[in-house]
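Asker: The following block contains the structure, expressed as structure tokens.
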Amino acid sequence: MACAKCLLIVFNFLISINGLLLLGVGVFMKVQKDVVTDDWNSQAIALMVLGGTIFTISFLGCCGAIGESKCMLYTFGSILMVIFILQTIIAILLLTSKDKISKHLNEEVFGKAIAENKENEVVINIQTNLKCCGIVGPGDWKNATISCNHSQPEAGGEAGNRYTEGCGEKIEELVSKYSNNVAAGAMVTAAMEVIGALLAFYVARKLHSGNIV
């Protein structure tokens, strides 16, 4: 088997692995209880769909290369280019919406809970997992909250046992970290997809012209 065909099969294997990774990241984002917003959930679902699609179509490329099918190779390359465009859009959305997600969590989710002096599930998960209290600090709450207390959560209340750091900056750091890492992974995968698509078109063109690849 010639060099281009071997490279195409290798790239398809790598692309399938990256597809599984994107699927896994999407599932990880979906089950996160620290960050729950409509934007976050929609991007998690988009990553799961893309990851599953990439993994599935990688077999199309392998079959096309091994079976020397021009139709399958052209189809595979075209689908990869479409996925590349969609993946780039998702990466951009992740990077541009992280401030919006942080603002939503701080102002709407936390702000509403503090105004009512009543914890909700999202606030409890954030304060417990990020080891923080309130937006700026424990002084945001009128009364001590159970999830602010790190030593005796069932007892709640004693100031000496409360987390002293606010959650505002920690939320921003968490969202930024997830968004940057996922976007970087998506762009690396996208670059591999472009190379895979170009290889597929090259092999298909050689087969079409009757040359041995």
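Keep in mind that glycine also has a Cβ here, set from the backbone N, Cα and C atoms.
All annotation found in TrEMBL is predicted automatically rather than curated by experts.
What you see is a predicted model, and the numbers here were worked out from it, not measured in a lab.
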Asker: C133 pairs with which of C148, C167 in a disulfide, per TrEMBL?
Answerer: C148
Asker: Are there any residues at least 6 positions away along the chain from C133 (disulfide bond) with a Cβ closer than 8 Å to its Cβ? List them or say none.
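Answerer: When sequence neighbours closer than 6 are ignored, C133 (disulfide bond) has Q127, D140, W141, T145, S147, C148, R162, Y163, T164, E165, G166, C167 within Cβ distance under 8 Å.
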